[in-house]
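Look at TrEMBL and you will find G602, P603, N604, M605, S606, G607, K608, S609 tagged as ATP binding site. For 676-692, the entry in TrEMBL reads domain 'DNA mismatch repair proteins mutS family'.
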Amino acid sequence: MEDNIKITPMYSQFLQEKKNYPDAILFFRMGDFYEMFGEDAKIASKILNIALTARNKNEENPIPMCGIPYHSYIPYLKKLVDAGYKVAICEQLEDPKNAKGIVKRGVVRVVTPGTLIEDDILAGNDFNFILSFEKDGDIFYAVVSDTSTGDTFVTKSASIEDIITQWSPKEIITTMNNPTVRNATILRYRYNYEYMLDRVADYYEITSTIAIGIREESIVKALFNLIKYIDDNLLDVKLKFPEFFTFDDTLYMDAVAIKTLEVVESSDPSGKTSLFDVLNFCKTAMGERLLKFYLLTPTRLKFEILRRQEWITFFVNNSDLIDSLSKVLSEINDIERIITRISAKKGSPRDLVGLKNSLKQLPQIKKILKGYISPILQDFLDNFDDLKDIYQLIDNAISDDPPLNIKDCGVIKDGYSSEVDELRGIRKNSQSLLLKIENEEKEKTGISTLKVRYNKVFGYYIEISKGQAGKVPDYYERRQTLVNAERFITPELKKLEEKILTAEERLQELEYEIFCQIRDDVSSNSSRIRYVAQMVAEIDFFISAAFCAIKYNYVRPEVGDFEEIKIIDGRHPVIERRVREGFVPNDILLDGIKNRLMIITGPNMSGKSTYLRTAAVITLMAHCGLFVPAREAKIGFVDRIFTRVGASDNLARGESTFMVEMLETANILKNATSKSLIILDEIGRGTSTFDGLSIAWSVAEYIAERIKAKTLFATHYHELTELESMVSGVKNYTALVKEWKNEIIFMRKIAEGVADRSYGIYVAKLAGLPEVIVSRAEEVLSILEKHEISIDGSFMMTKRKKSYERTVIQPMLLFEEHPIITELKSINPDELSPKDALELFYRIREKLDA
């Protein structure tokens with residue numbers, strides 16, 4: 001970059017900072033702008049859609065440059081970070097007016113996707129996880145943290161993909177050279193283990209990492225790497241003590257299941273209709289994040305599920321509390337993220353006011369709840385700190401409506417500091433103070449023509465005419481003699497001059513000093529504040545869940561370590577809200593013995609897919625401790641929910657619809673256990689009929705016999721219903737249809753039985769296919785039905801073995817042989833004369849035409 005370029009002192013300063021942060025786009029502060037130079041400018045101008053210009057345009061090698069206003073840099077920063085870039089913010093470290101030579105500058109923050117804490121960038125109910133991982137043997141150890149709140153988790157798994165899916169981190173870091181993880185940042189840290197142990201212990205102010213339950217070396221490394229990475233990026237946040245998150249205690253869902261069940265994102269682009277959207281009646285951002293966290297990390301810990309259910313039951317039974325507490329909660333800001341910014345010394349005066357206004361509501365929560373009796377409530381109230389001292393500190397010191405800029409005057413409240421009040425008085429009343437001195441001096445000296453004046457050379461002075469100069473007292477100090485007048489100063493006037501001329505600057509400095517002290521005092525109580533913020537988030541979550549249960553008529557499910565999933569009159573919570581006509585509820589019964597795998601047949605649009613999703617979503621909600629949309633529900637613990645519903649081509653990776661279907665099915669067969677819940681919809685439809693049927697049959701058979709997972713298997717292959725008589729635990733169900741006056745009525749009801757027709761042509765007619773095509777389709781169907789031959793169940797039984805170590809049955813063996821093929825097989829071509837062969841050909845042709 002420097003070759004043949006004129007290097008000015010300023011540009012030399014830029015190059016030095018850029019050398020320190022070569023992998024980041026450098027925001028270089030120059031006056032009211034952040035400027036970018038060279039390759040940084042080229043990249044930024046394209047992403048930010050701003051003009052690319054040049055410095056030293058008339059030189060042989062002009063330097064590309066672009067700039068953004070520093071007062072409104074946040075939207076630009078967001079675009080760059082969203083595009084995956086690091087941004088190093090280089091500030092002016094001194095007032096240019098006081099600089100001797102070039103202004104001192106230095107990088108004060110490096111912003112990466114996983115270290116964002118800026119409120120204007122982060123969505124209130126979104127997480128901003130950064131994941132640090134290491135590997136020991138076959139196990140991956142990971143530390144996951146949301147730097148915007150300090151929440152930190154430790155987990156491990158044989159699959160790094162499972163960990164990434166569970167947490168959806170915005171940024172991934174590791175010291176592994178070949179991590180096999182896309183977009184991971186490879187750190188070049190090389191420290192001995194003892195140093196890492198000491199650094200982590202010092203960070204958490206403990207004697208040993210064992211004190212916080214960390215014993216594995218790889219976890220210490222991952223945590224150390226995270227702490228150092230955050231420190232290297234000049235982000236002064238304090239992570240909370242790590243919580244241990246184990247897959248053994250969790251109902252795990254992979255990315256496919258989370259997407260299929262629309263847990264947090266809706267497939268409907270027209271509106272917010274994900275499961276999260278339907279269930280979310282939270283009033284605070286903290287409550288919304290907690291709801292989302294519970295939905296993405298459903299638990300299998302019975303005591304935790306019961307704890308949540310008890311709270312929701314309490315508010316359902318005391319519904320009058322919901323409205324009064326909701327009003328209070330709606331006045332509470334995002335305390336978790338505010339205290340993180342304050343602790344990181346990034347908090348503004350308005351953050352302190354936002355915190356104060358939130359803390360003001362805490363006594364109200366306590367007051368409202370005190371009138372009710374409940375064991376869980378009493379424990380809550382005993383541990384609820386209303387933080388009155390923090391509220392009082394901020395309320396006494398910080399103005400109710402402070403300026404946005406931390407260094408502008410007006411941050412400190414009148415009456416808090418006598419020195420601030422005096423400086424404000426001087427700034428505001430300087431003229432009256434000067435007039436007061438003038439009148440006092442006139443009275444002391446008897447000189448009626450005495451005047452207090454000001455100029456830039458001498459500052460403030462007292463001017464007396466030549467004729468009155470003899471009356472000047474001894475404490476006057478002569479400064480200038482004019483033709484007709486003398487100019488003097490006094491100690492009092494000199495002192496006032498100094499105060500007036502420096503009042504604005506000193507006021508800014510003093511207010512900033514006091515603000516920083518208040519901010520540090522609040523920060524020293526961050527643990528108390530975060531603890532209360534978590535309690536507020538939980539109350540918000542419980543109230544939201546209770547309101548939802550009352551509004552939508554949900555019930556408390558029985559959840560425990562048993563095999564059964566029994567849902568009476570279950571409804572899909574999202575689809576129930578979407579449909580205009582009344583939602584038709586259905587019963588769902590799965591157990592580990594007689595009703596382990598449900599084969600569900602029936603036409604399109606009859607409710608099969610909704611039925612499948614309903615089972616999965618209600619199971620998920622029960623594991624979150626939520627009430628569920630049903631008349632009655634009994635949900636046994638599930639270790640995983642797998643879904644294979646629908647498909648879409650992944651052309652970017654060269655994967656067809658069918659390939660995606662098979663990959664997802666293979667994943668299920670590899671990872672499912674007898675404790676899993678599997679949802680399969682139309683396996684095998686992406687290939688030929690025989691291939692598809694063979695695959696669907698084999699998959700269903702394998703699940704029922706080998707895995708023994710609770711499974712709902714919707715299919716158009718009616719032949720699969722034969723499995724009920726062949727495999728223990730398989731049960732047939734069908735979507736009921738009623739034919740009336742040449743019309744088909746989909747009952748949306750699932751019952752035991754087998755579908756006798758698919759009604760595909762009727763659905764095509766409803767979709768608006770031309771009548772000529774519909775009529776022709778009916779003709780073709782009629783012809784095909786004449787030749788349809790069903791599976792011979794007894795034949796299959798003779799071919800099957802209980803062990804899966806057997807030769808795969810070829811798809812054609814599932815069907816009887818056509819008579820013409822049988823006839824051809826019996827003929828020896830060598831024995832046929834040309835005439836016989838010709839006659840045979842015509843005979844076969846006649847049979848085919850018939």
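In case you wondered, yes, glycine gets a Cβ from its N, Cα and C as well.
Quantities reported herein were computed from a predicted structural model and do not represent experimental measurements.
Cβ neighbours within 10 Å of S609 (ATP binding site), excluding its own Cβ and spanning all shown chains: 21.
Of all Cβ atoms in the shown protein chains, 23 besides its own fall within 10 Å of the Cβ of G607 (ATP binding site). With every protein chain in view, the residue among the binding-site residues N604, S606 whose Cβ has the most Cβ partners within 10 Å turns out to be S606. Among the binding-site residues G602, P603, the residue whose Cβ has the fewest other Cβ atoms within 10 Å is P603.
The binding-site residues under consideration are M605, K608. Their Cβ neighbour counts within 10 Å are lowest for M605. In the three-state DSSP classification, M605 (ATP binding site) falls within coil.
Same-chain residues that are not part of G602, P603, N604, M605, S606, G607, K608, S609 yet have a Cβ within 8 Å of the Cβ center of the ATP site turn out to be A735, F746.
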